[in-house]
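Worksheet for the structure shown next.
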Amino acid sequence: MESSRVRLLPLLGAALLLMLPLLGTRAQEDAELQPRALDIYSAVDDASHEKELIEALQEVLKKLKSKRVPIYEKKYGQVPMCDAGEQCAVRKGARIGKLCDCPRGTSCNSFLLKCL
């Protein structure tokens, strides 16, 4: 039993010696990657990128404000009127949500989701 331990010990030592160079190259790769990552995200680009994002968000907010349904329509459960041929519903899986009421003489087609 002791002879097997004596044989196993040098084998483990040799395996460890073979693994050391592999671990060293990985540490070098990590050191090479860190400076490159810092170069990509510089402070100058960050400020201009933030300004672009803020401008884009402001545009989106303006569009959302213009599309809002007036409070009194929400309060009384009314749905806004839409024109003939306009999209009147949205399909989400098996459910269909109503976007607007179709004018007289037309109805919301459940296949095309338009006032026909």
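Note that Cβ sites are derived from N, Cα and C of the backbone, with glycine treated the same way.
According to Swiss-Prot, the protein carries these features:
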| type | residues | note |
| --- | --- | --- |
| DISULFID | CYS82-CYS100 | disulfide bond |
| DISULFID | CYS88-CYS108 | disulfide bond |
| DISULFID | CYS102-CYS115 | disulfide bond |
| MOD_RES | TYR41 | phosphotyrosine |
| MOD_RES | SER48 | phosphoserine |
| SIGNAL | 1-27 | signal peptide |
Per DSSP (three-state), CYS115 (disulfide bond) is strand
Measure from the Cα of CYS100 (disulfide bond) to the Cα of every one of the recorded positions SER48, CYS88, CYS108, CYS115, then give the nearest. CYS88
Should any of the recorded positions SER48, CYS82, CYS88, CYS108 have a Cα within 10 Å of the Cα of CYS102 (disulfide bond), which are they? CYS82, CYS88, CYS108
Sequence gap of 6 or more, Cβ distance under 8 Å: name the residues on the same chain that satisfy this around CYS108 (disulfide bond), in order along the sequence. CYS88, ALA89, LYS98, CYS102, LYS114, CYS115
For the disulfide-bonded residues listed here, CYS82, CYS88, CYS100, which shows the highest count of neighbouring CB atoms within 10 A? CYS88
Between SER48, CYS102, CYS115, which of the recorded positions has its C-beta surrounded by the fewest other C-beta atoms within 10 Å? SER48
